[in-house]
Amino acid sequence: MNPCLHDPTGNYGGGVQSYFLFLRFLVLLNFFSFLLIAGFVIIPSIVFRSVGTSLFNSTGNDISKLHFGFMEYSYMFYGYYNNTMVADMNFSYNIPLAYLLTAAFYFAFCLISIIIRSVKSLSVAVATGGSTVGNYSMIVFTGWDYGCLGDQATKLKQKNMLYRLQVDLEEESRKKQAAALSLSQKVVLYSLRIFMGLVAFGLIIGAFYGIFEATNFSQVSLSRCWIEGLFFEYLPSIVITIGNFVVPLLCDQIALYIAIICLSRAVFLRLVSLGALLFTLWGQITCEGDTESPPCKLCQYNEVYPCWETRVGQEMYKLTLFDLLISITLLIFVEFPRRMVVDNWSCKLAQWLGRQEFVVPSNVLGLVYGQTVVWMGALFCPLLPLINTIKFVILFYCKKVTLFHNCRPAVRTFRSTTSTIYFLVVLLFGWGLATVVMIYSLAEIRPSMGCGPFRFFPNMWSVVPTSFYSLSKTTQEFLFFIGSQAFSIPLFVLSCVVMCYFIALASVYGRNVALLKAQLKLVSCLH
């Protein structure tokens, strides 16, 4: 994909390039995650013939069976995996334990990948000194690529450098405007921000309530005819997508000049919409937490959902699929016709409308939302990382087409280094939310008794102590030693020593950088 990233950088700046680099990172992250899941769960399940044929592997409604069909009874969803434990003289494999540990390592792998990429992006930001002056020096003295050959490559590089200088100038202009505000102007500005925040909070609460009602209504309306039932099957996904599109648009219209506030509200809305869906599903599966109520008394979960894990996986699958369909639909039926109208009609309305902007933050937040959906559903739909890999590859080329043919550069520029760090922080927040969901599912909710690899355990985590006590005595003693104070205290002390060393090293480097900057200022003053 590297050759595909040169043109966006030259024509639309580093901010757009950061979007495509971020998208490529997510493609690789999902692909390697799928390899991890396939290697330890899917392939062993196939080899050991661990798939059961129990008829209890059902989400409980005919519309789901009609829509998902063979996929529900495949390796796509949680309920199709069995609790096989293969034991031989020289080999043993525990599918339930592998399923749980693979999910844990999957989340750990994603966390490590995000941290490594964040550190690389942060090092680039620190190299500029955190100021436009340092960035200007890098552009002037080290920005040119002397390997550029040909007029096209040279022009693209020139446009890229021009865009980076434009970002610095706009940032300095905004700082000067903020510093020039009087006390009364600051009071008015902060009052407007508080008012806009309250309005946006009301819109978010309304979206939360709409998702809650749509999810409840869809669950009680699935028994209708198959066309209406299919619509109600996708009703929560439709409401969430509309809310993610309409509410940020309204917030942007009422606060065009407070971009970072709007961006934070958009992040909050997308993650809250997922939280609303999961909260509603949790209430239906666990009878609002009251396991003594009649529907939940027998199984400790709602008997309407004989395989509730598959039901949650289906909801996450539908969100992923619907998000891709909406992106393609907007490209074909909105973005392309708008460009045709603007380019071929000379009326004032068409010229006022203009080509749409490729707004980097909103597009990146769409990626973060899609990845968070995958993290939340990977435990219940093991093939979801593979589906998301295919989705992001399709989205990469769709966005590239719409960027060059339908879009114009955004009015507000974005610094690629700082925006990349912010997007990774938002992605890390989505990872944390999905981790909370996974831990709660593992430790608190009773697994389905008629499907899945944990059908005979009181909770999913119970497979770990059960498997631990089945190990040999030597292995148990070794693991007990690793968890004991005799091992953990020296490890903690060693970690503190290493951390202090790196902190001292960073402090020395910081003082050297400050000294060099002071010398540069002195030399410039002398000349």
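From the backbone N, Cα and C atoms, a Cβ is placed for every residue, glycine too.
Since the structure is predicted, the reported quantities are computational estimates derived from the model, not experimental observations.
Some features that TrEMBL has for this protein:
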DOMAIN    307-416  domain 'TMC'
TRANSMEM  20-43  transmembrane segment
TRANSMEM  93-116  transmembrane segment
TRANSMEM  187-212  transmembrane segment
TRANSMEM  254-279  transmembrane segment
TRANSMEM  319-336  transmembrane segment
TRANSMEM  373-398  transmembrane segment
TRANSMEM  419-443  transmembrane segment
TRANSMEM  478-509  transmembrane segment
Spatial neighbours of the transmembrane segment (373-398) far in sequence, C-beta under 8 Å, 6+ residues away: 1, 4, 20, 23-24, 26-27, 30-31, 33-34, 37-38, 41-42, 75-78, 81, 103, 106-107, 110, 274, 278, 309-310, 312-317, 319-321, 323-324, 327-328, 331, 367, 430-431, 433-435, 437-438, 441-442
For the domain 'TMC' (307-416), the number of residues DSSP places in helix, strand and coil: 85 helix, 4 strand, 21 coil
Average model confidence [pLDDT] within the domain 'TMC' (307-416): 84
